[in-house]
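Peer 1: Below are the structure tokens for one structure; questions will follow.
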Amino acid sequence: MTQEKLEIFKYLEGWAEENMLTFLKKVEDSWQPQDFLPDATSKCFTDEVKDIRARSEGLPDEYYVCLVGNMITEEALPTYQSFLNSLNGTHDETGDSMKSWARWTRSWTAEENRHGDLLNKYLYLTGRLNMKQIEKTIHYLISSGMNMQAENSPYLGFIYTSFQERATFISHGNTARMAKVHGDVTLAKICGTIAADEKRHEMAYTKVVEKLFAVDPNTTMVSLADMMRKRITMPAALLYDGQDNNLFNHYSAVAQRIGVYTTKDYGDILEFFLERWGVGEITGLSADGREAQEYVCGLAERIRKLEERTQKWSGSKCSQMMPFSWIFNREVEV
Ligand SMILES: [Fe+2]
Ligand SMILES: [Fe+2]
């Protein structure tokens, strides 16, 4: 990041105050995990837990694999806050900086913190899961960290977070729909509420990228192409439970098969953002910017073709059963 680029983010601090921080909810107006959980101080507590357990019987193992994977991804929140604080020009310089970028990062983290907390507690109460294995996986994942390949650049960083928030919005939205189909309306409400947060965060990050396209179209275009060439890696890519060296791929394969998050979604997200940011219509670019624009505008189509080929291939391949430690090594088709 050159001094000139750092100046852009300094200049945008006031803009972020008025256009980004406004997407956050006040603590007093926010939902908390306890709103969706049995009250441990109430006489009805054990009955309510029994209800959760009864409803959980209707949900298949493959669904639990996806939901647990999503919950573990949320629980690795320290990694994502570290990531945001690695970005030059927008990081929290003191830990309690009053600059708008830093305030966003802390409040965003506080909002996100409820996601893993709520899912973790609810899943624990179902009594169907190997919590020790799940906790070990969280421990491993936070210890491993994650390189989002943003190279300390807020241009790359905010493109990454836009994608991630939309991906989680889609994924939690799908687990909500499936919970409803399987008869657990409380779980559907939980996943739906989390999905709504992700949507709000997506809107904030996409607004930042939209602004970056307006003030510095060339760097933003080159950054978008750069991020897409590297591919947006999922934050749980280093998933490990102490047993399965290929756990992320196995979890992703289940998510793909039952439709919680698919390669088609990845292409759709790119297409959505190309439209949202009007990427094809941006003018005034230099040669490298135009080359980047051409690349990203053609990419959605290439991803779609690749996806169709993968679909055909997976339709013809033999299914394989994999044990997942999170569900006591019961086997699920991947
Ligand atoms: Fe989240
Ligand atoms: Fe999120």
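Each residue, glycine too, has its Cβ placed from N, Cα and C.
Annotated Fe cation 1 binding site per TrEMBL: GLU74, GLU112, HIS115, GLU198, in sequence order. The Fe cation 2 binding site annotation in TrEMBL covers GLU112, GLU165, GLU198, HIS201.
Map these features onto the structure and tell me what's around them.
Peer 2: Sequence-distant neighbours of GLU198 (Fe cation 1 binding site) (same chain, six or more apart, CB under 8 Å from its CB) are GLU165, ARG166, THR168, PHE169, HIS172, listed in sequence order.
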Peer 1: Of these binding-site residues, GLU74, GLU112, GLU165, which scores lowest on Cβ atoms within 10 Å?
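Peer 2: Per-residue Cβ counts within 10 Å for the binding-site residues GLU74, GLU112, GLU165 bottom out at GLU112.
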Peer 1: Other than GLU74, GLU112, HIS115, GLU198, which residues of the same chain sit close to Fe cation 1? List them in sequence order, counting a residue when its Cβ is within 8 Å of the Cβ centroid of the site.
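Peer 2: Filtered neighbour residues, in order: LEU77, GLU111, ARG114, GLY116, THR168, HIS172, ILE194, ASP197.
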Peer 1: Closest of the binding-site residues to HIS201 (Fe cation 2 binding site), Cα to Cα, picking from GLU74, GLU112, HIS115?
Peer 2: GLU112
Peer 1: Any of the binding-site residues GLU74, GLU112, HIS115, GLU165, HIS201 with a C-beta atom under 6 A from ligand 1? Give them in order, or none.
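Peer 2: GLU74, GLU112, HIS115, in sequence order.
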Peer 1: So around the Fe cation 2 site, GLU112, GLU165, GLU198, HIS201 aside, which residues have their CB within 8 A of the centroid of those CB atoms?
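Peer 2: What remains near the Cβ centre is TRP108, GLU111, GLN164, THR168, PHE169, ASP197, LYS199, ARG200, GLU202.
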Peer 1: Near HIS115 (Fe cation 1 binding site), which residues of its own chain have a C-beta under 8 A away, given they sit six or more steps off in sequence?
Peer 2: GLU74, ILE194, ASP197
